[in-house]
């Protein structure tokens, strides 16, 4: 495995791969790798000749009062983990390498970025699109791997790929769950024993909403059922739970083919997110 | 020469070229080809295995009161001209093919777009960047060809290529001039005989500004000299004449390496633009 920190060195590796007609799988990360990242890398490993993992804490997706400076970083540990799952190239540039100058051009996420988790993070998804577009151009991947856990991020990137014709296949890797259905998250360790027992109700509620919507086509009553389930089974408070057309994140219409049902719920002080994406025609 | 109108057909051609490791030159146009376009195509022909010319009147770069509907179109004539200069593939999509849906993501040009010709066309360069990014992704060119005549457009696209790491070489083809220095333009036919005799003063003024700046480093006095020349030699009125750092289009500083001097002048009722780009160290 090679660790490269400059665009020039990365470009040499990419050009070599392209000359050999090799497929390239890109796994973009901000480092401090956990099981979710490794699952993405394993999927990339299975499907591509060359696997590139980027490790870059991108300043432009942090708000002025967010935790860019204190975001955890551990490159030696990350490179060891990346090597253990078969990554070929780790691209770990500095901020100066990625943003040596600024001509002022921005990619502006639209209405998709103003709802769900985006409502409380203005500008966040603009920064995500900026760094993802740069990484796509730098690595020219055949396929790029993202976790479905961050469904809104995935939807917005998928929209950029679609509407700007990036020659890339987006691969969305399903959420890894505990045996009782709770989505795996590094935040789950913050849950008390009783909170941990309540937490699977979030995924149960998403499934109820999905099944109700597929049976009736009624998004409003599907949401009521899901909310009731969370309120009955947990002490938590719901930040949001929504059914939206995927990937546009617009209200569901008769033409909607794919649906995202997504929730953010405070279980005690811990904010947990979960979602599922389903095809409308699948269940009808 | 092939004429393709769908993204699917274009993609097949591009993939074939990529599999053969062929270089691709892209000449983006809005059609109604003139000598300037053909010069770009000839440059692309000389440097690439495959030459793609796009012909697409892009609605998103026209303002609501601009002439999108009446913009001249003549695809049969254009394809004949393209073939005559050795273009391999003409990509002439419909608006529906290029914009089948809209997830709301935009590329926003920054301060570069608010000056010079951009001052009177809000949103114009956002639309240009949108369609150029799409065409870059669709054709994956080794090199893309633009005319220096539209210096602001070139500067903004060059900034996008640089700041978003497009794996593309931008080739900027010099302005083609009449023997007396007047930049060739389809608008020159609107000039009366006396106006035509005055018009070369614009290019003379640009050269004076360049030479003065290179000799003294003083942008303000270089502009005064250029304006005086136009006022003394023409009946025209100056829309703008500016010296700016290229490609950022910011004020010139001690660190500036390349300079754009650009002018727009009304000669009678005809608005003529011209510019030159020079390297600071060249003349010092």
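Note that Cβ sites are derived from N, Cα and C of the backbone, with glycine treated the same way.
Keep in mind the model is a prediction, meaning the values are calculated, not measured.
Database features, via TrEMBL:
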type: BINDING; residues: B:30-37, B:147-150, B:176, B:184-187; note: ATP binding site
type: ACT_SITE; residues: B:37; note: active site, proton donor
type: BINDING; residues: B:61; note: beta-alanine binding site
type: BINDING; residues: B:61, B:153; note: (R)-pantoate binding site
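Known features from TrEMBL, placed on the structure.
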| residue | record | contacts (Cβ under 8 Å, 6+ apart) |
| --- | --- | --- |
| B:30 | ATP binding site | B:55, B:56, B:57, B:58, B:71 |
| B:33 | ATP binding site | B:77, B:78, B:81, B:82 |
| B:36 | ATP binding site | B:147, B:149, B:176, B:184 |
| B:37 | active site, proton donor | B:27, B:29, B:53, B:81, B:147 |
| B:61 | beta-alanine binding site | B:123, B:124, B:125, B:126, B:127, B:128, B:130, B:131 |
| B:148 | ATP binding site | B:154, B:172, B:173, B:174, B:175, B:275, B:277 |
| B:153 | (R)-pantoate binding site | B:125, B:128, B:146 |
| B:186 | ATP binding site | B:34 |
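Reduced to three states, the DSSP call for residue B:33 (ATP binding site) is coil.
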